[in-house]
């Protein structure tokens with residue numbers, strides 16, 4: 001018996017195989033059966049590559065409820081919403097059950113799942129996944145029994161809950177029968193390769209990748225199937241922020257525009273301050289400053305001041321790559337900004353109007369008003385507490401009278 005350490009660990013290699021498949025084929029709807037602690041789902045939400053619906057199914061609701069919040073959006077998902085939508089759902093259910101919501105998926109993954117079924121249940125598994133669900137592709141991974149003698153200290157199956165472990169021939173026999181009965185083609189591969197002359201035993205984990213043969217049949221749910229009762233129990237559902245949501249898109253666009261405009265405003269203020277106090281700065285620094293300003297003026301419209309307003313040309317803001325990616329055209333950008341009350345623009349819509357001075361006085365007034373309001377709230381709460389104490393004393397006195 002030979003020691004066979006795997007680096008990275010075998011489970012990570014299995015997940016990476018699925019991630020690589022998703023990167024290559026970009027399925028929009030993915031469902032993972034036997035998702036347990038949601039490890040694969042967590043990885044796929046970071047490597048979504050076009051995934052719009054990510055679903056996990058497991059019979060163990062306790063584990064799902066414990067792990068489901070690890071799939072929630074991060075702060076960064078709100079600060080930088082993705083271009084495409086993403087919904088994640090977790091269900092308590094069995095791969096042996098015909099559930100209407102599992103139809104119409106592009107990819108089904110069954111990572112180290114099938115060996116936990118009884119042998120007589122495998123046919124039902126095949127019928128539900130390949131016959132009823134009929135996804136575009138299915139990835140099935142399972143232990144290779146021929147590799148077991150190379151695993152140190154192993155007696156019997158690799159896990160106490162495994163009902164069987166197939167040799168390569170047994171796995172391939174099952175897979176080819178599935179293809180004949182349900183119209184799929186299959187390719188075999190694996191992860192966890194033995195070293196040296198032991199390679200003839202195959203991979204430690206064997207993998208079958210099924211692709212449905214195109215037959216022109218629409219596999220989406222029919223109207224009758226929409227009426228079928230659901231047998232799964234929805235435990236968790238979250239919709240990630242994305243630019244497909246008009247409100248999120250508008251907020252993101254305005255934030256980017258204002259950030260860029262404030263940046264240009266600040267640059268202009270610094271430059272003006274240095275011009276007004278040129279005797280404090282070295283000639284090389286001033287020369288560099290004027291050279292940069294002239295270059296910008298030649299290439300783009302300059303920022304300018306009108307009274308107490310600094311005008312930042314919209315064309316300057318439009319030159320920001322992030323703004324261009326969000327808006328597509330300068331005209332569309334102008335239209336979006338004119339719709340938003342947070343943005344002040346020139347009469348002809350050619351520039352954003354920003355205050356020349358930081359409005360410190362208004363900030364102080366707002367802080368004073370907030371402090372006064374807080375003090376009033378404290379007084380109100382104190383009065384309520386005093387009244388409660390009086391009522392409590394009165395109530396105690398009434399009990400004493402009895």
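Here, residue 1 is simply the first one shown, and the rest follow in order.
Glycine too: its Cβ is placed from the backbone N, Cα and C atoms.
Taken from Swiss-Prot, the feature S-adenosyl-L-methionine binding site applies to 58, 94, supported by similarity to another entry. Sequence annotations record features per position, and here Swiss-Prot assigns Mg(2+) binding site to 112, 115, 116, 162 based on similarity to another entry. Per Swiss-Prot, the feature region 'Disordered' maps to 348-402. Annotation source Swiss-Prot lists compositional bias 'Acidic residues' at 356-374.
Shown on the structure are the features that Swiss-Prot records.
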| residue | record | DSSP (3 states) |
| --- | --- | --- |
| 58 | S-adenosyl-L-methionine binding site | strand |
| 94 | S-adenosyl-L-methionine binding site | coil |
| 112 | Mg(2+) binding site | coil |
| 162 | Mg(2+) binding site | coil |
Tell me the Cβ contacts of residue 116 (Mg(2+) binding site) under 8 Å, same chain only and six or more apart in sequence, or just say none.
34, 161, 162, 163
Between residue 58 (S-adenosyl-L-methionine binding site) and residue 112 (Mg(2+) binding site), find the distance joining the two CA atoms and give it rounded to the nearest Å.
13
Let me check the 10 A CB neighbour count of residue 94 (S-adenosyl-L-methionine binding site). How many other CB atoms are there?
19
For the binding-site residues 58, 115, which Cβ has the most other Cβ atoms within 10 Å, all shown protein chains included?
58
Can you list the residues of the same chain, besides 112, 115, 116, 162, whose Cβ falls within 8 Å of the Mg(2+) site's Cβ centroid?
113, 114, 117, 142, 143, 158, 159, 161, 163, 165
Residues with Cβ closer than 8 Å to the Cβ of residue 112 (Mg(2+) binding site), same chain and 6+ apart in sequence?
14, 34, 141, 142, 143, 205
Taking the Cβ of residue 162 (Mg(2+) binding site) as centre, how many other Cβ atoms lie within 10 Å?
17
